[in-house]
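Notes follow once the structure below has been shown.
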């Protein structure tokens, strides 16, 4: 079993080299999940199907919560249909004053704050349902609200102590004060661990002095309360060494020294205020440290992770709205003697849009349902849902414009604004590129852990005979392409069982086998490979999520069950094909050549400053 | 003024929904269709709540007749500011045949029981457009009525009502207790805020059966058939006046 001994150090070396910074590596290990994790994604990478979190489709609202939610949907929808004017907000590049006031009165600024502290006290699933409405009507307002409560003061909800919560949450819930999340700096975007804003503790220990600047902060111009991440010197208790670590702070504008720049001119979400923030010798009381001193990175990642499901929910609402516009056009526009929805090309577009929306919606409520059920290891699924939702929404809206033809391009139709608003969703809150690496790396990490325990067992083969025997059998079965025995039979509706399960299992087996295989891949190709591995993981999770939802509809005898079965079936067939194709490609010899070429082309273009090939006309 | 106001609220199919007739032509499809408070009832609730805010009335009681679902409608009234609700339980066949006559009997009985000085209703419901309940309730109670109100002012124990009529506006002064029905321009209803919806959860809704109020729900009407409006037929162009006369004779019109 020498291969196991060879693999492990390689894996660790690769992870460290890829991250480049020790903080990132540490964050990876911070997200390193225990082997008993119930997360589907974590287990998927280990070659196991863990159904606890995915089957049956989570149903977390009790009768009271459900009734209450239903009562809220009406007023919120009404407000967005009758009071909010998205076109006006976009043209003015701000949310109209009376609309913002109306939202505050409505109670929309403190949806997840407890009722004792003046909020509406919603859980994640209820919050998702309301955020869907906002997403359907105005993403600019959605970001203003989201930057305030989904990330702006979420740190206080998750990590605040009693005094901090009682001091800040009531005014934040009523909207009297607005919050903002301040992490990004000119030189630190994806590489969040490299931020340079400093918070130096005073000699008396009663306050910190903060200096630095942040860019692209949503709500910077409106906010009173800022969750700011800064580097603080921390003494290692054991070694006595002083290192700079990130700490999270609650900073009030009233502390003095906090200023902001003019609103940035953006492609979309123009109604949302985005600006630079400057901290000049700001005195922050020591009581305002959020979480632990030096534990700020964890605070930041948890806040972002906790708010991700909201994005998928909002975007599923956006897609619904946009699909309705496309349908309205396709059902009424006549060309060549027929309504255009009768033509195959349009039919394919509509069907694909519906499928993407169905998957996104299923993911959003699967993740929020898991969170409300008490799961703590949902970060991979949350990341997957963010990646999927942002890309699906872009594709769906783009296709809507295509279906509408010239009309779609016109401002009045209201769709071009949605497309412009959507572009940022693939970038902020963790770029999709970084999140893909995160998803795939977690796969390696977990495969690595399993191998670790194997390595230990190898040191005492006789004592650990059982573990080894089991592992050998598993791998032998995998090589032969057979299932590892775990069955989904009990949880999936009979109508869906057939080959859908088989295709899921096939992917299930191939993926982790592939990952094990891929540890032999050379470091240079790593990101090319990880990107594709992540795509497979996303497709696989998407398959499971729709299987779960469609199963539930079939079991409950919904009138739409057959339609959902069609959506599910179509999605799974195509996802399965994509996964198999990717795996085949990664296994093939041509992949090495392609990656080599891609690297070389990129290098040449960078060196040349632009494209390299000379003009075809020779000039 | 220590007055109690009774406001009737009806749960109807939402105004934005596309109505479809049931295949058996016995009625319209209501299953799974979005319902909400009748818009004129919203205006009635708003007026009652405003009177309370002006301290002209002491308590606003929202009433609705129907199955379990009408409690949602009563809750919306509570979220707008009504103090408590009364759910008159009517379901099944009785609910299908429930009309202005039965509802007005119920409201009259409740007005007496609750010692209300004012009953405010919407002028009509958007599903049946009857425009009868307010008038019948006043008649059963032998109270004055101010219908199609576009402005209501309480002056001591009298009410000044400005009514929307065909010729314009009519101003009348009626004694309390009275029945008023709300027209479109009476006010603009407030939005129920989420905190108010939460507060409304704590307000009480009492349940009562029509029998307890001594009301007989038998309907004197029978719905024979419900149909969609006829599809508009294509027109025909004619060349001359003679052709036109010929066609009209053909169709038996002249």
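Heads up, residue numbers simply count up from 1 along the chain you see.
Placement of Cβ uses the backbone N, Cα and C atoms for every residue, glycine included.
Just so you know, TrEMBL annotations are computer predictions that nobody has curated.
As recorded in TrEMBL:
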type: DOMAIN; residues: A:71-176; note: domain 'Acyl-CoA dehydrogenase/oxidase N-terminal'
type: DOMAIN; residues: A:180-282; note: domain 'Acyl-CoA oxidase/dehydrogenase middle'
type: DOMAIN; residues: A:294-440; note: domain 'Acyl-CoA dehydrogenase/oxidase C-terminal'
type: DOMAIN; residues: A:525-610; note: domain 'ACAD9/ACADV-like C-terminal'
Problem set entry | Counts by DSSP class (helix H/G/I, strand E/B, coil) across the domain 'Acyl-CoA oxidase/dehydrogenase middle' (A:180-282) | 6 helix, 55 strand, 42 coil
Seminar exercise, completed: Across the domain 'Acyl-CoA dehydrogenase/oxidase N-terminal' (A:71-176), DSSP yields 79 helix, 0 strand, 27 coil
For this session: For the domain 'ACAD9/ACADV-like C-terminal' (A:525-610), provide the mean pLDDT of the predicted model.
Result: 90
Exercise. So how many of the residues in the domain 'Acyl-CoA dehydrogenase/oxidase C-terminal' (A:294-440) end up helix, strand or coil by DSSP?
Worked result: 123 helix, 4 strand, 20 coil
